[in-house]
């Protein structure tokens, strides 16, 4: 009625009115205002005003009223109290007014009532909210018109509970449009009467929000929501929302949801708008939170239920979507949560599938995050044969992979490999709560990781040299790093902020340790001096004890009463860290000492020595308890299990050993293929073991799954040193540090024969007719009959290592180059020496190649290439590079020279002038090189390289170049397009390509083949 009069008052000419009106946004109010032109009224929606302005006004209101109450009842409400009350009010004046009234009515108990509100506990807290509850009840009941039938009212109440219950328990806000799609309900009419309690934007794509968090508490608490038609059962609401999420994902998710049709496309190369169009807000919400809703519902899962069916049908689609959303880590947490649910339910098949899904996504996290469509390619292709996920989705494996690589049968202990450091990692440490993992590298950085998901969280920069030691404080609030820049830095691991820089750290041993109370940090200085630092003030104290030798390691006992140091004089010294007094000196090793650690219970002290033993001591009595032996090489790192029962050691012989600390017995020996493991660490919860090695990575192992890591596949026993296809492509030869050559049938992937008879093979080459194989070992070259494996000739004469061999194109000559600077040409049939050329004495020769007419010879030695005229025995040209050359080739007409080098490039040179004509960026090191018969491309061990410069100066446009397979460090590509991601463990140290077949050689000694339908 008032608004109607105001509308009519616009017609008055003599009197001009300005009216200030406040109201809830009820339908009649909003309707009448819509009848007034915008030019004649101005709206202020409280919840559209900046929260800071509202909070300021509520603060003024509270300060004024509490000051009045304070004058009456000696109540002291300072700035902090006002601030806390403002935060609780969450923008509602009605709450602030009710709270003030509640406090005032307490009279002599006013201060107590204020404390009750601030503490947020006790039944009395409902008193200031009682008025809010009445308002909520009134608004909700009035939204149901009395003229509806009882049946209609029942349906409206159901819709109200469904919509408001969902809105109250959402983990992230949704717009009215998205919520409607998720719930499959037309929510607009239901929400029309609820503007008083909900923030409902005019724009249907803006998020719905509760005006006050107390509405959620009201709706879900039947002690506050007295009307049973309005009360929402929280568990039932979560179950309903979980069901809605699953149904929406089942209807929406599919393979290649963005319609890209490019298996190797990166997330970073796709426009975010395309991803948003393909994955709507409600679908993204469902993908992120369906398992959280399921967990909150307390559901009892069963085999072949809705959850099981969804995973068996859409697991890969879900993971792909998470990849596009850049939320794979959240997906890992979701699967871990789902796994915890299955452990409490009777669902053995579902539990097995969920466990396998967890291993699947952990191992492939990096690929899915960067290239989500690799979920159907790399992730499936390299999963173990017995993987439940691989078996379920095997039909998704792309048809363009005709022959799959040989993989393990089952998941092993390796959970994931963390990549990110640009140089080798020196040490690793878990936070006390196992929620963070820190790694320190020679790349001058410390990286923080989430060990559950493998996600990189932060990179700490500040050191000017390699970081050699890191340790968390016992409370996890600080991280200390020691560097060869002679500083120790203290960091906040939560924010990554640098807290302090402690200078005067001059040791070359990089040993640091926190005291158990976190107040002291100990570091080693030069000449065996130990220094204690106050972590708060940075003040330092030098221990007065004298240690005559370099200290290699230090450790505090768990109770902080002992400090142990290990030094080069073959002793352990025990110190009182409070007084600095030397308490005991323990002797027993016959060589310098290395790592030293206390067991978690403080009853054992373990020391690893360069005498290849580990000794266990009683640190209280100083008695040697056990000496752990077992054909050890140098022990690089040791760690106790959290239960004190096991000790793990890593040796330079590529083994990990587990020991029983009570008996000293060796429990297990694990042969690993890592080049060099430098450090290990158990997570404090005992669930993971972290290892760092020289390949710039951190590997996380599942301690419950630790078992034999040996490959069950046919392979060499040591690291592969070279692989090469025969020219006809019918055989592949591989050499290894195990001093053998193996011949393989690439068509079947089977080993044909093993050739013994020499030491380490430094070079090998097939003859052009594929009938002979030349292998170089030390100072000799052996010619083998490929068909029989028999040695035809043993060729001697070099005075130093032979590093390169090559047959002439007509198979009549064999050239060998040695570090003695001599290139020897021999008759390939008889082995007789034909010619000797002098190259670069003392330089390693890495590659040698004949010209197609056999009249020229190119030799690559370190950073120099020489081209000889064999007829006259003279040097025609010398080519100088900035990087070491790895391969060389001469074009069919002899006018071009091609080279490859360690910087990942290939170059074309003018053979006459020595000028560089073209540089090709390969992105990986090429180990073999030759020109095609027509000279249009370079055949490498990684695949063809097409160049645009020909001897006749004609140019070929890049788009018209034929497509072919090519192997990069992380990818198999087809032409210019990446098609298959190679997981870290499947990135070969040596590769060879012949047509559609690729051969991959690994540090483990394994050789595997893949064939493509291209």
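Cβ coordinates come from backbone N, Cα and C, glycine included.
Curation plays no part in TrEMBL annotations; they are all automatic predictions.
Per TrEMBL, repeat 'WD' is recorded for 418-459 (among others). Below 8 angstroms of C-beta separation, residues 328-329, 332-333, 336, 362, 365-366, 465-472, 474-476, 479, 481, 483, 491, 493, 496, 678-685, 687-688, 690-700, 984 of the same chain, each at least six residues beyond the ends of the repeat 'WD' (418-459), sit close to that stretch.
Residues in the repeat 'WD' (460-501) partition by DSSP class (helix H, G, I; strand E, B; coil) as 0 helix, 22 strand, 20 coil. Per TrEMBL, repeat 'WD' is recorded for 460-501 (among others).
Summarising the annotation, TrEMBL assigns repeat 'WD' to 502-543 (among others).
Per TrEMBL, the feature repeat 'WD' maps to 551-585 (among others). Under DSSP, residues within the repeat 'WD' (551-585) fall into helix, strand and coil as 0 helix, 20 strand, 15 coil.
What TrEMBL lists as repeat 'WD' is 586-627 (among others). Long-range contacts of the repeat 'WD' (586-627) within its own chain (CB-CB distance under 8 A, at least 6 residues past either end) are made by residues 552-559, 562, 564-574, 633-640, 642-644, 647, 649, 659, 661, 663-664.
If you look up TrEMBL, you'll see 628-669 (among others) marked as repeat 'WD'. As a summary of secondary structure, the repeat 'WD' (628-669) carries 0 helix, 23 strand, 19 coil according to DSSP.
Within its own chain, the repeat 'WD' (670-702) is flanked in space by residues 413-419, 421-434, 437, 439, 441, 449, 451, 454, 636-643, 648, 650, 652, 654-658, 708-711, 719, 984, 1002-1005, which lie at least six positions past its ends and keep a Cβ under 8 Å from the stretch. According to TrEMBL, the repeat 'WD' annotation covers 670-702 (among others).
Proximity of distant same-chain residues to the repeat 'WD' (713-754), defined by a Cβ-Cβ separation under 8 Å and at least 6 residues beyond the stretch ends, is recorded for 403, 406, 673, 675, 760-770, 773, 775, 777, 784, 786, 789, 927-928, 941, 988-995, 997, 999, 1001-1009. Here TrEMBL flags 713-754 (among others) as repeat 'WD'.
The repeat 'WD' annotation in TrEMBL covers 795-836 (among others). Long-range contacts of the repeat 'WD' (795-836) within its own chain (CB-CB distance under 8 A, at least 6 residues past either end) are made by residues 762-769, 771-772, 774-783, 842-850, 852-854, 857, 859-861, 868, 870, 873.
The repeat 'WD' annotation in TrEMBL covers 886-919 (among others). The predicted model assigns the repeat 'WD' (886-919) a mean pLDDT of 93.
Taking H, G and I as helix, E and B as strand and the rest as coil, DSSP gives the repeat 'WD' (418-459) the counts 0 helix, 21 strand, 21 coil. Across the repeat 'WD' (713-754), DSSP classifies residues as 0 helix, 22 strand, 20 coil.
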